[in-house]
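According to Swiss-Prot:
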type	residues	note
BINDING	P85, L86, T87, R88, G89, L90, G91, S92, S93, A94, A95	ATP binding site
Amino acid sequence: MISVKVPASSANLGAGFDCMGVALKLYNIIEVEEIEKGLIITSSPDDPSIAKDENNLVFRAMKTVFDEVGWYPRGLRINLINEIPLTRGLGSSAACISGGIYAANLLCGGKLSEEEMIYLAAKMEGHPDNSTPAMIGGLVFAVLEDKKVNYIKFVVPARLKFAVFIPDFQLSTEYARNILPKYIEFKDAVFNIGRATLFASAITTGNYELLPAATQDRLHQPYRKKLIPDFDKIVNLSLEAGAKGAFLSGAGPSIIALVDENYEIFEQNVKNALASMDLVANWDFMILEADNSGATVFSVQSTSLKR
Ligand SMILES: Nc1ncnc2c1ncn2[C@@H]1O[C@H](COP(=O)(O)OP(=O)(O)O)[C@@H](O)[C@H]1O
Ligand SMILES: N[C@@H](CCOP(=O)(O)O)C(=O)O
């Protein structure tokens with residue numbers, strides 16, 4: 001059996017719609033093994049929205065690898081141990097896709113290169129901003145091209161923390177993409193290019209004072225925040241408590257605030273405020289570090305059946 005550990009991820013990071021994302025230290029584990037025949041899928045905690053047949057996202061990701069390399073297991077057992085909350089903007093689907101591709105590649109003897117896996121994952125997800133950090137870790141700047149992903153991975157220092165606010169309701173990425181406008185104004189495109197460029201420079205040079213300005217967005221948040229009660233309240237709370245920027249995580253509904261080494265004071269202030277605020281949803285709160293490793297093998301026992 002092969003066990004693969006794959007991180008959550010937060011995409012967009014403010015202005016970098018579909019091209020920036022970071023892996024986070026919150027993990028799903030995918031255990032796979034070749035069996036004589038059939039497909040057995042188990043999941044814990046169990047969730048009715050997780051398919052247990054060929055529609056399962058991890059299985060579908062694995063199948064893209066088998067189709068690509070022309071090797072198929074006789075049968076397959078998949079066990080999913082999930083820590084990443086579903087449909088909350090923390091890359092649960094990217095974790096399934098990148099982790100499934102990574103596990104399938106191990107099962108078939110490592111026929112695909114890392115670049116090929118990154119491309120297959122981004123193609124399946126439709127954008128590379130979650131799938132690439134889920135695969136290789138770090139904070140990634142990535143563009144999906146015709147046949148490859150062009151990307152740069154930045155190894156995130158431990159002093160930068162990610163304060164994650166997770167509400168008790170879901171928002172599917174598909175839905176949150178469909179409500180975006182087909183066209184945007186030229187000035188909004190200019191606004192975002194400036195902020196995304198500033199973010200890339202500020203984060204890689206450690207100029208965190210620029211992050212509140214660099215994480216502003218006009219491409220997706222103005223439209224999506226209407227679907228997220230409390231969005232402005234949580235963002236303002238974070239900024240008042242000293243965050244270096246606060247924004248929607250991926251398509252939402254989770255919100256992320258960037259915090260530096262003063263995170264313990266930030267954490268205390270936020271927890272106190274959350275307890276007394278009048279909010280529509282219940283918001284879970286946790287402080288995470290970036291994961292700089294991506295999908296990794298947890299353990300390998302025997303891999304596939306003898307042929
Ligand atoms: N652990 C899992 N196992 C199987 N499918 C999953 C798992 N996690 C997420 N999914 C699939 O991904 C969907 C959520 O994807 P999406 O709407 O993109 O949200 P997210 O922001 O969490 O990636 C779920 O409805 C489910 O179909
Ligand atoms: N760039 C995408 C990112 C979606 O991330 P998810 O974690 O919400 O699936 C978008 O904003 O649609």
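For all residues, glycine too, the Cβ spot is worked out from N, Cα and C.
Ligand 2 lies under 6 Å from the Cβ of none of the binding-site residues P85, T87, A95. In this structure, G89, G91 are the binding-site residues from P85, G89, G91, A95 whose C-beta falls under 6 Å of some atom of ligand 1. Of the listed binding-site residues T87, S93, the Cβ environment within 10 Å is emptiest of other Cβ atoms at T87.
Apart from the site residues P85, L86, T87, R88, G89, L90, G91, S92, S93, A94, A95, the chain places the Cβ of A8, I84, G250 no farther than 8 Å from the centroid of the site's Cβ atoms, the recorded ATP location. With respect to Cβ neighbours within 10 Å, the binding-site residues P85, G89, G91 differ, and P85 shows the lowest count. Spatially close to A95 (ATP binding site) yet at least six residues away along the chain are V6, P7, A8, S9, Y27, N28, I84, A134, judged by Cβ distances under 8 angstroms.
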